[in-house]
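Asks: The structure under discussion is supplied below as structure tokens; questions concerning it will follow.
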Amino acid sequence: MYSFMGGGLFCAWVGTILLVVATATDHWMQYRLSGAFAHQGLWRYCLGTKCYLQTESIAYWNATRAFMILSSLCATSGIIMGIVAFAQQPTFTRLSRPFSAGIMFFASTFFVLLALAIYTGVTVSFLGRRFGDWRFSWSYILGWVALLMTFFAGIFYMCAYRMHECRRLSTPR
């Protein structure tokens, strides 16, 4: 059980760090604008070496930002629950700590999937036509890696929960 929780905690730490970095950085998309290199993130866009805040309130940016922040918060609370799961005495007999941590990591995975799906859909259908020479960049890719890490953290914690439940049910009362 503890090896699964340890693996889950490792994946969770890596996934949460990647979520925060992906959300905060400005390299979701790279393109050429009037022959100059440009890139944009969720909060700023940069032309050459000069960066500007994205002041427009565009729905897909707001949705992507909100879901990335929700994903980071779920992953952080999952880490806290995952650390507490190492404690021996459960405070609630009906609520398993590894199960709760696993659910939080799956919620984080769901939110980052929503954020990346929205961003991908709008970028490919609208911005891809606007900018001829463009590509997704490393911040966007970190978001997908974070999705995998939070998903595997949830899997590890669910495996730890199942092992604990099987042991609990097999011991005589």
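Every residue, even glycine, has its Cβ placed from backbone N, Cα and C.
Here's the feature list from Swiss-Prot:
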- Trp43: C-linked glycosylation site (CARBOHYD)
- Trp61: C-linked glycosylation site (CARBOHYD)
- Ser170: phosphoserine (MOD_RES)
- Thr171: phosphothreonine (MOD_RES)
- Asn62: site 'Not glycosylated' (SITE)
- Trp134: site 'Not glycosylated' (SITE)
- 25-66: topological domain 'Extracellular' (TOPO_DOM)
- 88-98: topological domain 'Cytoplasmic' (TOPO_DOM)
- 120-140: topological domain 'Extracellular' (TOPO_DOM)
- 162-173: topological domain 'Cytoplasmic' (TOPO_DOM)
- 4-24: transmembrane segment (TRANSMEM)
- 67-87: transmembrane segment (TRANSMEM)
- 99-119: transmembrane segment (TRANSMEM)
- 141-161: transmembrane segment (TRANSMEM)
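So where do these features actually land, and what's packed around them?
Replies: Proximity of Trp43 (C-linked glycosylation site) to non-local residues of its own chain (separation of 6 or more, Cβ distance below 8 Å) is seen for Ala24, Asp26, Leu53, Gln54, Arg65, given in sequence order.
According to DSSP, Trp61 (C-linked glycosylation site) sits within a helical segment.
With a 10 A radius on its CB, Asn62 (site 'Not glycosylated') counts 13 other CB atoms from all the protein chains.
DSSP assigns Trp134 (site 'Not glycosylated') to a strand segment in the three-state reduction.
Sorting each residue of the topological domain 'Extracellular' (25-66) by its DSSP state yields 8 helix, 18 strand, 16 coil.
Among residues of the same chain six or more beyond the topological domain 'Extracellular' (120-140), those with a C-beta under 8 A of the stretch's C-beta atoms are 21-22, 25-33, 39, 41, 60.
Listed as Cβ neighbours of the transmembrane segment (67-87) (distance under 8 Å, sequence separation of 6 or more from its ends, same chain) are residues 2, 5, 8-9, 12-13, 15-16, 19-20, 22-23, 42, 97-98, 100-102, 104-105, 107-109, 111-112, 114-115, 118, 143, 146, 150, 153-154, 157, 160.
Same-chain residues lying 6 or more positions outside the transmembrane segment (99-119) and placing a CB less than 8 Å from one of its CB atoms are 8, 12, 15, 19, 28, 60, 63-68, 70-72, 74-75, 77-79, 81-82, 85, 140, 143-144, 146-147, 150-151, 153-158, 160-161.
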Asks: Please give me the CB contact count at 10 A for Trp61 (C-linked glycosylation site), counting all chains in the structure.
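Replies: Other Cβ atoms within 10 Å of Trp61 (C-linked glycosylation site): 19.
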Asks: Mean pLDDT over the topological domain 'Cytoplasmic' (162-173): what is the value?
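Replies: 60, rounded to a whole number.
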Asks: Round to a whole number and give the Cα-to-Cα distance in Å for the pair Asn62 (site 'Not glycosylated') and Trp134 (site 'Not glycosylated').
Replies: 22
